[in-house]
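Listed in TrEMBL for this protein:
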- 75-97: transmembrane segment (TRANSMEM)
- 180-203: transmembrane segment (TRANSMEM)
- 244-264: transmembrane segment (TRANSMEM)
- 284-304: transmembrane segment (TRANSMEM)
- 316-335: transmembrane segment (TRANSMEM)
- 355-373: transmembrane segment (TRANSMEM)
- 385-404: transmembrane segment (TRANSMEM)
- 416-446: transmembrane segment (TRANSMEM)
- 458-480: transmembrane segment (TRANSMEM)
- 500-522: transmembrane segment (TRANSMEM)
- 611-633: transmembrane segment (TRANSMEM)
- 653-673: transmembrane segment (TRANSMEM)
- 728-793: domain 'DEP' (DOMAIN)
Amino acid sequence: MELLTTSTESPTDNLYLALIQCFVVILCGYIAGRLEIITRSEANGLNTFVGTFALPSLIFLSLAKLDFSLVNWKFLLSVLLAKGCVFFVVIILSMLITRPTNAGRAALFAIFATQSNDFAIGYPMIDALYSSTHPEYASYLYLMAPISLAILNPIGFVLLEIGKRRIGEPKSGWSLVASVVKGIASNPILFMTVLGIIGNIIFSHHVPIVLSEILDVFGKAFSGSALFLLGLMMVGKVHTLKGAALVTPGILILIKLLVLPLVIRESVILLAPGVNETDTKDLSTYGFLYGTIPTAPALFIFTLRYNLEIDLIASAMVACTFLSAPLMFVSAKLINAINDGANYSKQLNSFIMDISIASLTACVWLIICFFISEEKKWKRPTHRCTACIIIAQFAVCIGLIIWTQLDINDHSSALWYIQFILISTGVYVSRLLTAVMALTILFLSSRSLSFVNTLQKSILPAALAIPIVVVGLMCLMITPSSNGNDDDNLRNPNFQLGRVQAAMSIFILLFSFIVTLGCLVLQQRYQRRHHADSYASLIGNQENAESTVVESRTVVDVEDLVLPNGNCGLDGGCGLQRNLCAATSGVLDECEPESEYLNDNLRRDNDDPQILRHLVLLIILLCSMLFALALSFGTMIMEEMIGIYAELAFLDVAFNFGQALIVFGIFGLDPSLGKLGPWLMKIAQDWRARQKLQLPDEESLSPEVKSIREQFRQCHLRACRDRISMCRRRLLKVYEGAFSGCDLVDWLLEEGIAQTRDEAVRYGRCLLESRVLHHVDDTHHFQDKNILYTFRG
């Protein structure tokens, strides 16, 4: 209640209020768009006002008033260096992984990872935190925005144009240059940035009162309008955040919210732009917070312009915006609250105890799932690595519980050596097993199963033996009391032997990180090439076949592959479709009688290596290693407690000692857990039954809906069914006479029954409410999306 009745001067409280303010306005925009209070055309008008008038006016006025003598240009150089490194690394990795190579796609990903929403969300956050201590930090945003707009984004535009030319719109080299230059020159934000710097020089950062008052009106209108517009743009952009489609956005969000802040911080520390050590520390903290600002919505305009990865980028932007809020708040809270060793040590001990108990519970459940259940998952090559990680984490949790109960000055008892061996060996084994898992997935994609089993017989014991030897040598050769942290308040279970153990951790982490990342890149390249070859071969066979092709359609989604004809027998057209699905998903699907087909499905489920889930696990463990590397380097060079080190320590505890919780989230709730399966599946079915779409009864239908139903049945149903209904497959289930919402909307527009897509959607909703058509699972109303429906009767 105090937040509602009194004002506070605490920077953290100011940030809390600023976050509430920003996201409540965003939520209002989303609700307005979802309820269609504001239409798309009206939103476009608001977008024009914000991007062409409000934001350029704000930028000009802020830069024209800024005293450049107070600007730390070396700090801006360190931000440019960090953003440039992340930008080019994302481009290189995207082009290495993607087959065929798509320069435009790589450019979009790089822009997503580096361009921040500096003004709508960043400015309120930074101003709330630093208005009393470093008021000039908020003005830095107007100078950091051109780093992306004027330096990095043009490189992305060049790659987007190159990708567009390769797809099928050839342009000459001069046309490419002209297109990029025009895009840069016509950007009002960049234009007003340059004009603002010129105005600063002309007016000596004292803008004439008349010009200042006019621009101030536009500038004050920016914040609320931009946040409201961001909410409007989120409508309809979250439906792709499911299953495999979540992997790429998840990676991009991790790079933007976790990797970029760390790289900016390390870059600032490397260049040391401050006048003294304290100033450099403040700038590095500011750089880290700046990196956590979510991606700017302007990127979505690029995806529309080039018609490239529209759903993926939109979904990633929505998730990134909302995930950034807790990250910014937690970062600021730790930075401001944990600057003394005693407080840090107390809170870290408590957090480690909580994590270790929760992880120990998860380990017990996972051991039951992997070793005791009927399926014996540990016998599969991928799950064998995961099971070993679970056992290693079980040992770590026991060691952590002992560590939290030990006396601070106890460095020589048998209990100290037991917990040190359990923690250090378990952590090192987990890191090396991550690399082994990546190797396993790579060779499962490129070699045979027998090769992988033979390889694991030698590599798994090595991954266990090497950490045992290393930890044993450290126990024999190093005296704990003389090599730990000088300040007992800064003690950490990862670095009980101080810098010596930190150096060893860095070596193991670098080795595991490089091997894991390299294997993931190679596996993705091999898998994409293999699938492309398989698909091309199947298409060639299809073209040479004697069957007649009635209609050719564009494949939008792997779950909804369309058959060339309308036959749906297991021994007919669906056999070809099953093979096409196999080429895309890597699942072998033979054309068999129904009983044999179902038995084969069951057999495949029992032997399923669950590659996608393990890829998600590897990506999260890569992030965990990144946090551990940053913390280890910090331990090597840090002389006193700083807020960022505290945050890294807490993140490392969560992602390192909480690996069992991560594995539990990915594998612990699998509904095929032996005898536990039917019980879990029954709960899932009961929940799904409660989610069934509730339609109005016949008496509640309006005369308009009934009229549309009768008209459609008499005049259009037969023609529509013949045109768009066909055999479709979603996951492992085949639907006869199915069509997507997009197909029906397109047909209604072609026949002139509806004039706009919104009108067609309303028409389709009337048909669904009057029971002319229904969703295949009866869980969705009619939408203009790639969702399957069928006609009744």
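Placed from the backbone N, Cα and C atoms, the Cβ positions cover glycine too.
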Contact check, the transmembrane segment (244-264) vs the transmembrane segment (416-446), 3+ Cβ pairs under 8 Å, seq sep 6+: no
Non-local residues, at least 6 beyond the ends, that sit with Cβ under 8 Å of the transmembrane segment (385-404): 349, 352-353, 355-357, 359-360, 363, 366-367, 370-371, 377-378, 415, 418-423, 425-427, 429-430, 433-434, 436-437, 440, 456, 460, 463-464, 493, 614, 617, 657, 659-660, 663, 667
DSSP helix/strand/coil residue counts for the domain 'DEP' (728-793): 23 helix, 18 strand, 25 coil
For the transmembrane segment (75-97), sequence-distant contacts whose Cβ falls under 8 Å of one of its Cβ atoms, 6 or more beyond its ends: 103, 105-107, 109-111, 113-114, 140, 143-144, 147-148, 151-152, 155, 159, 255, 259-260, 263-264, 266-268, 270-271, 273-274, 283, 287, 290-291, 521, 524-525, 528
Positions on the same chain near the transmembrane segment (416-446), where near means CB under 8 A and six or more residues out: 381-382, 385-386, 388-389, 392-396, 398-400, 402-403, 406, 410, 452, 455-456, 459-460, 463-464, 466-468, 470-472, 474-475, 480, 493-494, 496, 501, 505, 508-509, 511-512, 515-516, 518-520, 522-523, 526-527, 530, 609, 611, 614-615, 617-618, 621-622, 625, 656, 659
Long-range Cβ neighbours of the transmembrane segment (458-480) (under 8 Å; 6 or more residues past either end): 384-385, 388, 411-412, 416-417, 420-421, 424-425, 428-429, 432-433, 435-436, 439, 496-497, 500-501, 504, 508
